[in-house]
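Taken from TrEMBL as is:
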type	residues	note
REGION	22-51	region 'Disordered'
COMPBIAS	30-45	compositional bias 'Basic and acidic residues'
DOMAIN	152-216	domain 'U-box'
REPEAT	408-440	repeat 'WD'
REPEAT	453-494	repeat 'WD'
REPEAT	497-538	repeat 'WD'
REPEAT	539-579	repeat 'WD'
Amino acid sequence: MCDPTDVIEDLDDDICKLATSLCTDDDDDKGTKSKQSKDDKEREIGLSTMPTPSIVGKIASVLVEKQVQGLPSACGQLEEDDDNDRGIGWKGRELKLGECEREKDKMSPTEVKKAIEVGTLGAQTVNTAAALLNSANGLARSANNAQSADFSGDVPEEPVVSKKSGLLYEKRLIERHISDFGKCPITGEPLSMEDIVPIKTGKIVKPRPVQAASIPGMLGMFQIEWDGLMLSNFALEQQLHTARQELSHALYQHDAACRVIARLKKERDEARSLLAQADRQMPLLAPTATTIEASALSNGKRGRADEDMGTVGKKLHTGISASIIAELTDCNAALSQQRKKRQIPPTLAPIDAIERYTQLSSYPLHKTSKPGILSVDILYSKDIIATGGADTNAIVFDRPSGEILSTLSGHSKKVTSVKFVGEGDLVVTGSADKTVRLWQSSENGNYDCKHILKDHTAEVQAVTIHATNNYFVTASLDNTWCFYDLSSASCLTQVEDTSGSGGYTSAAFHPDGLILGTGTSESIVKIWDVKSQENVARFDGHVGAVTAMSFSENGYFLATAAHDGVKLWDLRKLRNFRTFSPYDENTPTQSVEFDHSGSYLAIAGSDIRVYQVANVKSEWNCIKTFPDLSGTGKATSVKFGPDAKYLAVGSMDRNLRIFGLPGDEDPAES
């Protein structure tokens, strides 16, 4: 009887030799591998090279054959049923079960014990062989799957399976192989794209590369990534430097362009100014007769009768030129910007001071034969007051000294309107004699008539000066208003209203200068666009002629006076938002005036009332009421002094009255 231990050892040696010979034979048959170093072969055998299915099959066959042939001679043959239950699979060739029993009876106890140990060892060896056989079969299947999965050696990203062989491939590679050869790369059988079925798989995680399996390999990867990062950083720094240079160049070009634009704007403004000046100085008419007529007047003395003037003073109407419109627009823009930053001056008279105002003085400026002051204007910079009277004269009066500076005589009928221009070197008067006169101050302090304008065919009711102090507008009962150039004393345009709303009885420029307001004898208030001379708004609601109007300094409100009282209009929404009716139906309101700061509103009729200016929704409270001390019951004009420190009031008697705080009386009082 052979020793089972020797059989098992011989079996292990045979398996190793057979595996080595089979691997060597397989390499010789292929003939495709190049010579490799010993380390490469060991790594290939130990890690990467997987035995082919044929090699694994041969190893398994030899292993089984050795087990079957050697072990039964040592252990004997068992019954098939018992063998199947135990899963051992032995079938003795020489001994039957009975023979084993008889042999057992002949053995000594030591031999029996040894036989049992040999049998147990044989059973363990059989189990080991079966496990090795199962492992070999699994390795064979894995090898087949590995080879058929992707003959490129990589895990397939888009796997497909063959209907014929059941092998797994990478889709893009098997498609290319079929298109080139038309057969399976593993089995060699004919294969077409109809035999390929796609497989749905989850997300494939590729194995970690060999370099990441060791610390030196990972350090090498980190070094490569660091080098790439540094190169990228260097490229970014170069791009940043280039961008900075381009930005610096662009900023330099922008600065140069801004300087060029500023210079061009300055030249444009200078050219516009010169053009406007040339337009004003251009002799449009023959002013010889007017100049001769004006030269006969000195210090308010009347020369020849005005009745002989005829139509010599008529002027051509050339229209408002583009340069003048540009000048008006620039003035409007500048004043609008200033208005946004405007603040109420701290020197403005407070409400409690106005509440204590009383009459300080009274000056009899006009003649007693035809009493009545119809118009008042104040030159704030010099505190000089001009009045227009029913006695055909205009008076220039110095309020601080209480002296009359000049009497402007020349009109043949009452002076309905008087206005200062600029710093007071010019005074413009309108009269019921249908003329407008321009008065120039002289060195001796008197005002001489320089121009007589006779463009209207009816009474001139109002004169208003533009904010540039270069132009003015007159309104007349002939249903027209005229736009004049002061430097040339020429009428640039005469606008006639064909709507039949009656003649004009009042007029005023908006503080910004591009809007003109007019009031008519038919109770209509009209708003005009100065640039286009078009009527852009119309306010109805008054009763009787619109006798006066005034724009608020903020540019939002317009106050108009008529027989039925005073109405306040919101120019933003073009509607009436408040009405004052301080007097009875038989007493008209003659004058209305905002102060220069837009904080107070004064109304003149049978008395004088001062209101605190509020907004559209708030109440406008009456601060103070002054009685009409003239005895006529008709206060015809009212005007606030500088910072509302006093009020100048004209009535139908010949006196100019000043209302202010007690203690502020003038040094000289007539």
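Each Cβ is built from the backbone N, Cα and C atoms, and glycine gets one as well.
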Mean of pLDDT values spanning the domain 'U-box' (152-216): 83
Given a Cβ distance threshold of under 8 angstroms, which distant residues of the chain, six or more beyond its ends, lie next to the repeat 'WD' (539-579)? 336, 339, 342, 502, 505-512, 517, 519-527, 585, 588-594, 596-598, 601, 603, 613, 616, 620
Helix, strand and coil totals (DSSP H, G, I; E, B; other) for the repeat 'WD' (453-494): 0 helix, 24 strand, 18 coil
